[in-house]
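> Pasting a structure here, questions to come.
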C-alpha cells in the first residue's frame, strides 16, 4: 500500500509521515532521542482505526512498561473520543470506544499471561495459578539450587568434584551457586533453554570452533599490535630529531625489526609474538642528552611516552590474549569439556526441579509467561501452532515499542503471531539501539542492529527502515555537541552501531537563537594537605555550586509563549551511573539548604530506621549474632551506653557471644544493680518477642515492635520524617507481601532480605516526593530514560566502568555461551582458557558499548543546557587525554576498548576540537569550517581547582558575600554604589576566545610570587577557586569547643561583615545583643558565640579605624571582584599567560573623596623577644604586601581613583598601607 501524499501545513516531518502510513512490509523505525516516537506510534494506531477502518482490538501494541501501556491506551482513547465527538454518526468510532477496553495495548508479559489464561489446557496446568512475588521466586530458586547441589554431592561425579574445587572456596560454595543462578537466567532468555545449555560444551570439543576463537583473538590483537607499531614509529621519529640518542635509536630499530616480522604480509604472526621478547629497556636519558636537546624537552618526554605506550600495548596482547601457546590453550579446552558439560547438567536439573516446585505450588513467574506462551504458539518442531495461526488471522498489525530492549524469547513469540516475511509482513517496530541500556536484563540489541543493517530505506526485497532523526526536545548546542562526541566515539567496532548522518540528531525544537553552550567542567582535586574532603565529597560540593549558579543566572524558555522564566529547583536533575554519590550530594545540598531528592531504588537497607528494625528481627531470630544484638541495645529503643557494654564484657572477656556475657553479668554478684535491672528488662523483651514470632507472621511481629516502642512516632519527628515513616511502612508492607507467598516465618524473611542485599536488589527508599514537587533531583541514567529536564548535570563521569564481572572465573555471553578458566586441580592453579579469554574480550567490548549508550541517554535528557562534570587528581592527566591517538574520524579502537570511564573519551574528543596545542595528526579536523553545523560542538571547557577556605584564603561564600546582599549602614550615594557594583562585576571581554577560562584568587597570586621570590620553581596554572566554609559541624565537636582555627576565622569575618558602625561606638552590651541577633537570624550557629573573640572585637570598636569608618560618607562590605590581570599589571592585551583575578574585599569606605579598603586578619603570630611593634608591623605588611598591592591596583584600575588601604589584625591592631 502506498504512503499518502503529505498535505501542506501538517505538523509531521517527512520521516514521521512515512512512519505513520508505511505498510505492506515489516517496518523498523529508528527513532532517535526526542524525535517524537510516542506521538508517531499513537498517530499510526489512530490512522489504522480512522483511515483503514481497523478495530482497535485487532491491533497488538507491545510496550516496555505497564506505565507506558496505560499512557498509550489513554492517548488512543482520547483521540477516539475526539474523533467520535467530531463525527457522532460514525458507528465504527462508537464501537472503538467500547473495544478500547479490550484492546491489546500492554507489555509482552501481559499479553503472554492472557494467552496462558485462555489456553491453559494446552499446558496441562491448573487454571487457578497465581504469579509468584519476587520474594517467593528468589527464595524458591535458592532453595532449589541448594537441593540440587546436595544431590550432586551425594553422586560425587569426578567432573563435579573438579567443578567444586575450581568454583568453591574452603569456606563456602557461594560462587558456585551464583554461577549456577546466572546460567539459569541466561538460559531462560533463549527460546530453547535446554538446547542453549547443551551447546555450551561445543567450543570445548570441536577444533573448528576453537580455531574461530583463536581467529577472534588474533583479529582483536591486530588492533593493539598496529597501535603499538604506530607508537613505536612515533618514538623513532621523535628521537631521530635529537642529538646524542644513538643508543636509543638502536634499541628502537631492533624493536621495529621484530614488529615488522610480526606484521609481515599483513597478518599477525602470533607464534612469533609469543616466542620472542619485546620492549627492550631504553637507555637512561642522561643530563648530557637533556643538555644537548634543551630546546626539545617536550619532544624528549613525548618520545619516552610513546615507547612506554608501545611496550604496554604489546604486553597487553601477550598477557591478556596469548599468555600461553595456542596448542596449550586448545589442550586446556579438552580438559574443561567434561566440567562444562556437567555444569550444564546441574543447571538443567535446577531448571527441572524449579519448574516442578512452581507447578506444585501452582505459581508462575515472568519467565514462565514467555516460555508457556511460546509453548502454546509452537509445535514440537518449532513451527507455528494452530493457535498461533488464529492470532495471525486476528491481529492485522503488531506494533512494538522500545524494540531495542527485546530478547530472543520475545522475538520468537512475535515471529509466531506476525504474518508474512519481512518483505510482506505486518510487524511495526520502533526504538533506538543507541538507547539500548538493559543488557543486564538480557535485552539483546543485536536483534535491532541485524534488522537495521538488513532493512532498506525504500524497502525493496526486505523490510523498510525509517530514520526519525529530528529532535524536538533540546537546544541546538546540546544536539551538535552530542553529535560531535558520538561521531568520534561510536562505530560498529566499539558501540555496535555506526553514528553516521542517519543516526545523528537534527535540530527541530522552536527555541530562540540565544547561545546556551554545553559546559564541560573538570574538577582537579585538592590533596589532603589542602582539603579534608575526599575527591567524591569535593565533587558533590562543586555540583552544588553549579546548581546555585543555575538558580541565580539561568532561565527556562517557554516554547508556547516564547518567553523566559527563572529556573527553579525542579528544572534541575543530576544524572549519574549509580547512586554511589547520593550520600555526599545529600549532605552537600543540606549544607546549602537546597531541597534535594534522590530518586532511588537503592539505599533502603542503609536507612537508619530500616537498619534498626532489621537488627531487631535478626536479634529475635538469633540473639547469638553480636553485631545485631549490640546494635539493638545501642539503639534509641534501649539506649545502652558504651561504658555499660564495656562493663558487661569486662566481666566475661572470653565468652564467644555477647548474649552469654549478658547472662553472666546478670548472675554476677559484683554487677551494678541498676544495669542488671536494665539487662533483665532487655532479655525479657527478647524472649517475649521470640515467643510471639513463633505464633504470628512477620508483619505482626514488626507491627508489635512499632507499637510497643513508638517507633513510627519517633522517626516521624526527625528530619526527613515523612520519608522515614514511609520506609517503616514499606518494610511492614513487604513483610505482608512475603507472608502471602508460600514461605513463612522470621528465618525465611531474613534469608529473603539477605538475598536481596547480596544481589544488590533494593526496595529503594519510599518515595514521598511527587513529580511536581520543587526539588533538585538525582537519578540514575537508567531511571531517566524517557524523561527530559531543562538543566541536566551529568556527573560521576570519572567513575570507572564496573568490570567486576570480567574478573570472574566464568564469563557468560548470550551469543557465544560460557567461557571458563582452566583450573589445574593437582597444582591448584588457574589459567585463562581459550574460551574465557575470547569471551572476556567480547564481554569487555559489549560492556564499553553499553556504557557509550548510557552516555547518549544522559546527554539527550537535556532541554536547555547540559553540564558535564569530570574529576581528575591532577591536571597532568588531561594532557595525556588530549593526545589520545585517533584512527580516521574516531578515537583509536584500542583507546576506546581500554577506556576506563566516560570522561576519558568525552574530554579527549572535545579537547581535540578546542585546544590549539594539539598536533594536527591527533585532531579529527584541521579546519573547524570543515564541520557541519549539525555536529559542530558549542562547548565551554573549564579546568577548576578545588580548594577549601582557610583563614588566609579569600572567602567566596555566596551566602554572606554577594554583591546583591550589600549592607550599608549609611545612606551612601546610590550612583557611586551602582558604579562600584557595575565595575566590580567586570568580566574579561575576550572570554569567548579562550579555550580554557582561567581565574586566580589574590591569595594564590600572593603565594605564587612568594614562591618565585624564594627561588622555588612554580608553574603558573589557570584555575578557579572554590571555597566552602559553612559545613554543618558535628554536635560533639561543638559541645567540646573544638572549633578549628579556620572556622573561628570565618566566624570572625561573618561577625565583622554585619557589624554596625556608629559614631558614638557600640557598647559591649550592644555587641552581645547584635551577636544574639545574628544567631536568631541563623546567620551563625548558637554554639558559636563562645568562640567569638569578644574582647578583640571590642578592641576594634574602640580603635581609631572604627571611628574613621563610622564617619565615612559611604561604606560597602564584602565586595567580590573579577578582573583581568592584564589591566591590573598593565600587561599587553592578548598575553596567553594572563589570568583573571578573583578576590573579595572585606570593606570599602569613602572619606573626603578618597576610597579606602580594609582587610581583616585573624592570624596568630609569635612575638619574638626584643621585637618592637614597628618591626612586627613591618613584618606583617611584608607578609601581605602582594595581596594588598593587588587589592589596591585592582580598585585603582576599575575606579580610576586614588585608593588607600588598611590591614587590621585582631591580635595586633591597625596598619595603614
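Any Cβ shown, glycine's included, is placed from N, Cα and C.
According to Swiss-Prot, the protein carries these features:
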BINDING   31, 32, 33, 34, 35, 36, 37, 38  ATP binding site
DOMAIN    10-475  domain 'UvrD-like helicase ATP-binding'
DOMAIN    476-786  domain 'UvrD-like helicase C-terminal'
> Counting across all protein chains shown, how many other Cβ atoms sit within 10 Å of the Cβ of residue 33 (ATP binding site)?
23
> Can you give me the average pLDDT across the domain 'UvrD-like helicase C-terminal' (476-786), rounded to a whole number?
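The predicted confidence over the domain 'UvrD-like helicase C-terminal' (476-786), as a mean pLDDT, is 89.
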> If you count other CB atoms within 10 A of each CB, which of 35, 38 wins among these binding-site residues?
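Of 35, 38, the one with the most crowded Cβ is 35.
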> To which of the binding-site residues 31, 32 does the lowest count of other Cβ atoms within 10 Å belong?
32
> Among all protein chains shown, how many Cβ atoms are found within 10 Å of the Cβ of residue 37 (ATP binding site), not counting that one?
21
> Neighbourhood of the ATP site (31, 32, 33, 34, 35, 36, 37, 38): other residues with Cβ within 8 Å of the Cβ centroid, in order?
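Along the chain, the qualifying residues are 40, 432, 468, 471, 472.
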> Return the residues near residue 36 (ATP binding site), defined as same-chain residues 6+ apart in sequence whose C-beta is under 8 angstroms from its C-beta, sorted by sequence, else 'none'.
16, 468, 472
> Who sits close to residue 34 (ATP binding site): which same-chain residues at least 6 apart have their Cβ under 8 Å from its Cβ?
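Within the chain, residue 34 (ATP binding site) has Cβ neighbours under 8 Å at 471, 472, 473, 474, 505, 509, 788, 860.
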> Reduced to three states, what secondary structure does DSSP give residue 37 (ATP binding site)?
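DSSP call for residue 37 (ATP binding site): helix.
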> Reduce the DSSP letter at residue 31 (ATP binding site) to three states and note it down.
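In the DSSP reduction, residue 31 (ATP binding site) maps to strand.
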